[in-house]
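Listed in TrEMBL:
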- 8-116: domain 'Cadherin' (DOMAIN)
- 121-217: domain 'Cadherin' (DOMAIN)
- 218-326: domain 'Cadherin' (DOMAIN)
- 327-450: domain 'Cadherin' (DOMAIN)
- 451-559: domain 'Cadherin' (DOMAIN)
- 556-682: domain 'Cadherin' (DOMAIN)
- 697-725: transmembrane segment (TRANSMEM)
- 800-867: region 'Disordered' (REGION)
- 809-826: compositional bias 'Basic and acidic residues' (COMPBIAS)
- 827-838: compositional bias 'Low complexity' (COMPBIAS)
Amino acid sequence: GRRTQLLKGLPATSTVEENSAAGVSVHNFNVTVSPLASGVAVLPTIVNSNPLTEAFDIESKGGLEFRVITTGNPVLDYETMPKSFDLQIFVEDTAGGTDLKILTIQVTDKNEHPVFRGNMAIQTETIYVLERMPPGRIYQVDAADPENAKLKYSLLPAAVPFSIRKHGAIFSTKEFDYEKDPHRYFLNITVTDPDGLNSTKTVNINIININDERPYFTTKQRIYRIPEEQSPGTIVANITAKDPDDEDSPSRLFYSIQSSDRHFSINPATGVLQVTRRIDRDALPLRLHPNISLIIRVEDGPVYGHASEMEITVIIDDVNDNPPECNPSDFRKEVNENTTPGTFLVDLRNYCKDIDVDPSNNQFSFTGLSGFGSNNFALESTVSGRLVMTGTIDLENPAKPAVEVYTLIVRVQDTAHPNYSSKYPFYISFDNLIYIYIRIKPVNEFSPVFHNLSYVFSVTEITKVGSSIGRVHAIDEDWPPNVIIYSIVAGAGNTDYTNIFWISPTKGDVRILARLDYETTQKHIFTVQASDQEKSTTASVTVNVLEVNDEEPVCSPNFFSLQIPVDLAIGTNINGFRIECQDRDSDPRSFRYFINEGNENSHFIFSPSAGSNTSHLILASRFDYDSGLDTNWIYSLRVHITDDNLVSARDKTTHLIKTGTVTLSIRVIPNPTTATTTTPGFTVVTRRENLYSPSAWYVPFAIAVGSLLLLGLLAHLGLLLLARLRRPPAPRARRTPRLHFTFCVSSQTMTKINTVFDGEARDPVTGRMYEFNTRSGARRWKKSSEPLQPMLGMQVMSSATENSGQGVDRVEAPSKKEPSEKKKELAAATKPAAKPSAGQLETPGPAGLRLQKKKEESEDVGLSSPA
């Protein structure tokens, strides 16, 4: 054929590593066909190699791509085979074109594992070592490296008593004991080249036994138990031993007892341990120390043999070979007739015992309780021996005649099956009898019992102190009857009184010790007790407080002083005055208001007169002093406020009605001479004082603290006022001068013996100050030596229009002022009145009123209320 260029990538030179497995790619190339060819007729083929080898082949990668691979047969070896191969590769396409190229493959060296030589190369080596042989060299390992490199030797496991030197010599590191050490060792010997490649082989080392050991006991048990009273010849144990030197063959050994005990013996040839004499567990020293220790010796020859010894312990177990005994055998007891079932009387076990040592053998039981009346008693159990009551013995019960002394019999016997034959050959039965004499003692058996578990009494709140409100009663069934004492044990007091109720100790009569108040407490619950000096019982007592109308209406203010002009219009609410009343046990609509005295010519009424807790003072008719119909310029009205408005006329005869009282002092002021219509007004301040009580220690303390706080506040206000006064006053527009009329009334409280004068006023006729009691109406002149209280002023506003009518006066509450202002008012009140000038209204002489004309530039005319 025609030579054309069909093989692409050839010729070439490639390398491959020795020991490569089959299928390793060595070189890749492509096939290109001629333009007239349709494909490859002859696939790329290795037609020759130099040197000749079958270690390579060509395989297709797909399409016209191919690669040269190793076949693995033979395996390439750098040390034993040629190091280079020339492969001739031929290919032919369908057009007849051919191509032949050479691929040179060079084999590269690879580091290989070391190899063992000698017996270790073909088999596992076994080495035999005698026990007791001194440590030393026992074997030489033979190994080589294909690259002739220097090898390193190692041995595993590291914990074995062997070592290996750097040239492969194995040494033992200890003297072996066949009986103690393992009989066989498995050593893994590893040789490693400098590149870390290694090979491992196993060496077995067997330890050879020699006859050098003492015999040893094969019996593992060291403790044996036998019951007492065993007959001689009874086998206790079979002691066995073995000589390690005999391995699996039977040993010829000799046994003996080295201790001095005489209770046991051992067979020298078989090692059987037997009883030789009687053993009593209940006698000393076995009673305290039931263990017998024996030293057993075994020898592998009668003379000059090896020997071993071991200690065994024989525990002597107790048997039930003793009956129980009781001392004393009779008892006397006293019990009360009210002893409840289950009450403990006597523990018989404390007086009985069984000398057998073992608890299972010294247990005994109590049975056979008998005797007259034994049905009232019982043993808690046959084991405990505790005698208890089971029935109720009542000396007062006629249906069950009581017995003063009961005689009981109890049998005591062993619980476990007895084994008395060794001590008591003719034993039949051992039963001990116990006699118990019980005397019944009469006692206070019954507790008092109330007829009712609870008592309920109802009593009105106005019931007098000391009144009886009911009785409780209890009985006691003991004979002879016991005296019952009654007492209150809980709940008979409140926050004000320790005891509100009292009970008669012998009769049970309940009485009141303090006044009851429905508005405070509607129900009292307390506990009463009935006691016969030993036993007691309680009952609950509930006292329901019934409401009655016992509270008087309380009105504010209860005293007041008023001044009105003589021409006040009818129907006017005088000075805006009103009273407001309260009643703790009445509805606000239950009040009626009427003037009981002092209302001459019926000038005054209250509106509304009923059905409200507030009412206003109204002028009902004009005053007529000109015709002489009215002559009194001062009216002292006593106003009664009753709480019967909602009570029907039929019930008023039986219904309790309470009345409150308010006292009013009204002064009529004559007409002023000026044409200007004025509406007088005034403010009344009532000051009250309470008597100091030593128990109210906190009052001066609170006053002192309040005074300090007030002084601090006044000082602060004074500084603020001083700073304000230093500022320049702002200009004020002039206004029309107005007239101010000031009427002063002062009151002060005085205390004289038992009468408390809690108000004061100025007599409109004489101008002198007097004191009065707001409840009784008692009066007295104020002493001139006592300081005069600051006057209370009433300023009357004048209207610019003369026919503006008369307005309704109003009462303003007193306001607080600084002490300096009070001093100024007091000084103003004590100065003599100046002579009125033109345009001023002169105050009537006997009235003691002052008229003062004031001009203000910036303030409107109004009512002022000095404090």
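Keep in mind that glycine also has a Cβ here, set from the backbone N, Cα and C atoms.
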Taking DSSP states H, G and I as helix and E and B as strand, how many residues of the domain 'Cadherin' (451-559) are helix, strand and coil?
0 helix, 50 strand, 59 coil
Counts by DSSP class (helix H/G/I, strand E/B, coil) across the domain 'Cadherin' (121-217):
2 helix, 46 strand, 49 coil
Average pLDDT across the domain 'Cadherin' (8-116)?
86
Residues of the domain 'Cadherin' (327-450) by DSSP state, where helix covers H, G and I:
7 helix, 49 strand, 68 coil
